[in-house]
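Asker: Once you've had a glance at the structure underneath, I'll fire off some questions.
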């Protein structure tokens with residue numbers, strides 16, 4: 001594996017045989033930190049999207065029925081929990097990134113524009129980096145969809161509570177099941193990060 005990666009930058013000539021070779025030439029640190037960024041970024045986007053969906057319906061309905069404001073803020077809290085899931089997993093993944101070996105060592109400085117890099121990538125570094133990347137994208141996407149799910153359900157809860165107050169608890173239970181998507185993603189992310 002290391003010989004394939006070092007061929008990528010051999011004497012400044014790129015010897016790519018296909019897409020597989022290009023992915024091997026990407027540093028494991030890039031994969032790992034991209035997983036961390038996707039975990040926290042997509043989770044926060046999902047939370048913000050859910051808060052936007054819930055908040056717009058809640059503010060619109062509370063004009064005619066001001067009593068629904070305080071009860072339906074629980075939907076916003078569920079959306080905020082999605083962002084917290086992403087932050088927790090990002091912290092876990094960052095601690096895993098510290099265990100990756102330092103793989104970039106400079107060989108030669110011919111000019112400012114020419115910088116030949118020797119890549120020494122072992123199998124464990126690639127395995128760990130891909131595990132961290134997979135955990136990050138799994139948690140990020142599940143929290144993105146969880147935030148949208150909780151937001152849409154919270155918007156429906158606000159609208160139905162304005163019409164019929166007895167439906168609040170029933171729709172709140174559905175919202176709790178929707179927020180379980182984020183917890184499932186966190187559990188899968190922890191299992192994947194444990195392999196790194």
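Yeah, the Cβs are placed from backbone N, Cα and C, and that goes for glycine too.
Under the heading domain 'V-ATPase proteolipid subunit C-like', TrEMBL lists 34-93, 133-191. Annotation source TrEMBL lists transmembrane segment at 31-52, 73-94, 126-159, 171-193.
Map the listed features onto the structure and describe their local environment.
Answerer: Taken as a whole, the domain 'V-ATPase proteolipid subunit C-like' (34-93) shows an average pLDDT of 93 in this prediction.
Packing against the transmembrane segment (31-52) from elsewhere in the chain are residues 76, 78-83, 85-87, 89-90, 93-94, 96-97, 100, 128-130, 132-137, 139-141, 143-152, 154, 189: each is 6 or more residues past its ends and has a CB under 8 Å from a CB in it.
If you look at the transmembrane segment (73-94), the same-chain residues 6 or more away from its ends with a CB under 8 A from one of its CBs are 32, 35-36, 39-44, 46-48, 50-51, 54-55, 58, 132, 135-136, 139-140, 143, 146-147, 150-151, 153-155, 157-158, 172, 175-176, 179, 182-183, 185-186, 189-190, 193.
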